[in-house]
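Let me begin by presenting the structure, written as structure tokens, before commenting on it.
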Amino acid sequence: MTVEVFAPAKINLTLHVIGRRTDGYHLLDSLVVFARDVGDVIHVEAADRLELTVEGPFRKGVPTDETNLVVRAARHLQSLRAVQAGARLRLEKTLPHGAGIGGGSADAAAALKALALLWKVPPPTPAETLNLGADVPACMAGPAPMRMRGIGERLDPVPPLPPLWLVLVNPGRHVSTPRVFSLLGSIRGADALSMDEMRMGWDFEAFHAWLSGQGNDLTACATEEVAEIGHVLEALRSSPGCRKADMSGSGSTCWGLFKSAAAAHRAAETLAHDYPQWWVRMTAIN
Ligand code: C5P
């Protein structure tokens, strides 16, 4: 039996850093959504030992040993559910890594879901995966949009969002998450947030009006570190039909928001043509 699970790109439409814990981790408040059709795929099948192979356009530089989050996730599930069996895991890497869109976390969550099916054990709860990385619980809980708080462990459903179209652009530069957090100057207080204002039944314009008052607190620091992020944001913002653009996570992937699939499609085609060195994808969200 082979089990195949899709690992969609995770996108932060807002990201507020509202505090810092004594262990250095930051407290976040973020609206997290998942791409409908842009992501990696993990395939698992029965085997005596754990083995990982990586293929696909972004396989270069992805380790296949115990340092890969997918292998760590598999070991975590084995010990959590006292599983003796192994598995052959095959990861199709189509998302850029170190890119602010979940990459490793999405893969780890997809591997956990696939292995739970293969081994016929309950999948871990999102909270049981926090030790694998701050974004893993959200990827376990997805793909419905959610509000993510704490360092990533506090997940709450949000009112249904209107149909949204995103163009994702990565300039091909890796960004170090700890480095970006370390560049963060002042931290806003929780009272500066307006996430509580999200309402049921919003159409695109109402959602857009709310989103316009939001942002990603890490965008400025990441742009200081990697100037191309600023170029990507400029290019997205000047694309016809782009209603807002910002960075996801700690970068370097940015998103542009469009009201229609046709406008997003045109922008993605133009950007891919004008900047062949960039990774450009269009997607709806779940
Ligand atoms: O948990 P994860 O491995 O994804 O985090 C990578 C690094 O990002 C952490 O070591 C920490 O420096 C930073 N981080 C943070 N606050 C978070 C998430 C990540 O400071 N909520």
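The backbone N, Cα and C atoms fix where each Cβ goes, and this holds for glycine too.
Classification of Lys10 (active site) by DSSP places it within a strand. Around the Cβ of Lys10 (active site), 28 further Cβ atoms fall within 10 Å across all displayed protein chains. Summarising the annotation, TrEMBL assigns active site to Lys10 (among others).
Under 8 Å, Cβ to Cβ, and six or more positions away along its own chain, Asp135 (active site) finds Lys10, Gly102, Ser105, Ala106, Gly152, Gly249. Sequence annotations record features per position, and here TrEMBL assigns active site to Asp135 (among others).
Summarising the annotation, TrEMBL assigns ATP binding site to Pro96, His97, Gly98, Ala99, Gly100, Ile101, Gly102, Gly103, Gly104, Ser105, Ala106. The Cβ of Gly98 (ATP binding site) lies under 8 Å from the Cβ of His174, Val175, Ser176, Thr177, Ser252, each of which sits 6+ residues away along the same chain. DSSP classifies Gly98 (ATP binding site) as coil under the three-state reduction.
Confidence for the domain 'GHMP kinase N-terminal' (68-141), expressed as mean pLDDT, is 97. According to TrEMBL, the domain 'GHMP kinase N-terminal' annotation covers 68-141.
Under the heading domain 'GHMP kinase C-terminal', TrEMBL lists 204-275.
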Subject >> Additional residues around ATP, ordered along the sequence, whose Cβ is within 8 Å of the centroid of Pro96, His97, Gly98, Ala99, Gly100, Ile101, Gly102, Gly103, Gly104, Ser105, Ala106 >> reply: Ala9, Lys10, Leu95, Gly249, Thr253
Original post:
Taking the binding-site residues one at a time (Pro96, Gly100, Gly102, Gly104), which has its Cβ surrounded by the most other Cβ atoms within 10 Å?
Top reply: Gly102
Original post:
Can you tell me the three-state DSSP label for Asp135 (active site)?
Top reply: coil
